[in-house]
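Participant: First the structure, which I've put down as structure tokens, then a few questions once you've had a look.
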Amino acid sequence: MSRSRSRRVRPNVLVTGTPGTGKTTMSSLLADAAAMRHFNIGDLVRQKGLHDGWDDHLHCHVINEDMVCDELEDSMEEGGNIVDYHGCDFFPERWFDLVVVLQTDNSVLHDRLTSRGYMGAKLTNNIECEIFQVLLEEARESYASEIVMPLHSNNVEDISRNVATLTEWINNWRPPVQSN
Ligand code: DAT
């Protein structure tokens, strides 16, 4: 597989996982700890109107993936970004040096989503998404398996450990040697 890499000197990290697994909480702490830029794609879509309207059934914006990718391209070329989103298959593969998939036990996730106000089909769909490891599979289908890193996110100790592990990974990262 040929992956053209840019000349970035800091890595780009994608943090994905089912809603409620802790992507935004962990990404925000990681961005502070490792001096990286944090893009919460949901917020970006709302703030910049990168969508095709509102989905009444799913109660969320219909994200316009091309507009999101155009918006991020220059920053991703520079490097030093953490991208946080509950999907991962539409970003260019060349953007990311590491793809983190956060995973949470069903009962814990159920409580988090309920307290966020999720119910009915929205709650069930997200719990099933986690049970069937949909995001892990999507990540492994979309990126080289050696850059996909599943991490548990059940409690605050997990957050601290994940932030420490990823900060060390980011600080030790070196650009791949380019052949010709
Ligand atoms: P996401 O961005 O994946 O939707 P979030 O960061 O908004 O998730 O977190 C959802 C809620 O769960 C929020 O109240 C913070 C809490 N939380 C996240 N990760 C956690 C963890 N590892 N331990 C305990 N609580 C966590």
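Using the three backbone atoms N, Cα and C, a Cβ is placed for every residue, glycine included.
TrEMBL does not curate its annotations; it predicts them automatically.
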Participant: Among ARG46, ARG94, ARG116, which residue does TrEMBL name as a further ATP binder in the site formed by GLY20, GLY22, LYS23, THR24, THR25?
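Facilitator: Within the candidate list, TrEMBL flags ARG116.
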Participant: Tell me which range among 115-125, 137-147, 148-158, 159-169 TrEMBL lists as region 'LID'.
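Facilitator: Region 'LID', as annotated by TrEMBL, spans 115-125.
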Participant: Translate the DSSP assignment of THR25 (ATP binding site) into the three-state scheme.
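Facilitator: SS state of THR25 (ATP binding site) = helix.
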Participant: Write out how many residues of the region 'LID' (115-125) are helix, how many strand and how many coil, based on DSSP.
Facilitator: 7 helix, 0 strand, 4 coil
Participant: Please give the maximum pairwise Cα distance, in Å and rounded to a whole number, for the ATP-binding set GLY20, GLY22, LYS23, THR24, THR25, ARG116.
Facilitator: 15
